[in-house]
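Enquirer: Right, I'll just put the structure down here and ask away after.
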Amino acid sequence: MNFPRASRLMQAAVLGGLMAVSAAATAQTNPYARGPNPTAASLEASAGPFTVRSFTVSRPSGYGAGTVYYPTNAGGTVGAIAIVPGYTARQSSIKWWGPRLASHGFVVITIDTNSTLDQPSSRSSQQMAALRQVASLNGTSSSPIYGKVDTARMGVMGWSMGGGGSLISAANNPSLKAAAPQAPWDSSTNFSSVTVPTLIFACENDSIAPVNSSALPIYDSMSRNAKQFLEINGGSHSCANSGNSNQALIGKKGVAWMKRFMDNDTRYSTFACENPNSTRVSDFRTANCS
């Protein structure tokens with residue numbers, strides 16, 4: 001008999017059991033934790049562990065149009081995220097985030113604005129209106145998301161002027177749990193009042209909202225929150241949009257950030273806070289993230 005080998009197998013079994021117990025303990029102690037322990041592969045995949053369905057909002061209230069994506073089998077209630085596109089753009093530009101985030105345990109609404117020419121402040125107002133309507137649908141028995149949303153846990157995302165709108169939403173609504181603007185633009189770069197954990201996706205070769213006059217000074221202006229700046233190497237203004245070639249990297253970061261701060265799920269801390277150390281990233285900065 002090979003006792004050393006048997007001993008090693010027993011040690012491995014014990015270690016595996018302890019890890020399973022630890023994962024279960026994390027889920028039990030955090031009422032917001034949803035899904036299995038994350039891995040790099042699971043976060044880089046095009047879909048998470050939950051099945052996703054969607055529906056079009058029949059009567060948008062305070063914004064142009066909306067599509068809601070939601071997990072069917074997450075168990076319990078989940079947080080909600082509103083995502084708004086940029087100047088002249090429609091929700092198709094950011095729709096990839098809908099099923100991606102929903103498959104990891106969020107209710108997500110992607111919206112069209114009343115006018116494609118709306119400015120960041122208007123985009124913020126419409127984004128918050130969309131979140132209010134999600135909360136209303138959560139209380140409507142005929143709604144597909146009836147009883148599925150924890151209305152105390154909400155987040156915002158957006159691209160370009162929608163990113164600027166998301167930053168305004170974060171500044172004006174400190175109860176939001178997380179924000180993730182991509183290639184953000186606003187007439188002001190001072191968001192020093194923001195306390196909401198904020199992840200900024202920037203695009204190195206952005207000629208519409210140049211990094212050094214937009215995303216970076218916005219990041220530098222903030223000091224009261226967990227924050228992160230991730231710049232895509234060689235990326236144009238649409239480097240984080242639907243159809244981009246960086247979805248594995250950006251999706252991993254975006255999902256991990258929302259899970260860490262909207263769900264208070266520390267299983268995602270490493271993925272949310274660490275430097276990806278990828279050739280696709282030309283600049284990375286972070287502070288107060290754990």
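Going from the start of the chain as shown, residues are counted 1 onward.
For all residues, glycine too, the Cβ spot is worked out from N, Cα and C.
Remember, it's a predicted structure, so these values are computed and weren't measured experimentally.
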Enquirer: Starting from the poly(ethylene terephthalate) binding annotation in Swiss-Prot that includes Met161, Trp185, which of Tyr70, Tyr87, Tyr268 is the extra site residue?
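Expert: Answer per Swiss-Prot: Tyr87.
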Enquirer: Choose one of Cys239, Cys273: the cysteine that Swiss-Prot connects to Cys289 by a disulfide bond.
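Expert: As annotated by Swiss-Prot, the paired cysteine is Cys273.
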Enquirer: So of all those recorded positions, Cys203, Asp206, His237, Cys273, Cys289, which one's Cα sits nearest to Met161 (poly(ethylene terephthalate) binding site)?
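Expert: Its closest listed neighbour, by Cα, is His237.
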Enquirer: Would you mind checking how many other C-beta atoms are within 10 angstroms of the C-beta on Tyr87 (poly(ethylene terephthalate) binding site)?
Expert: 19
Enquirer: Using Cα coordinates, what distance in whole Å links Ser160 (active site, nucleophile) and Cys203 (disulfide bond)?
Expert: 11
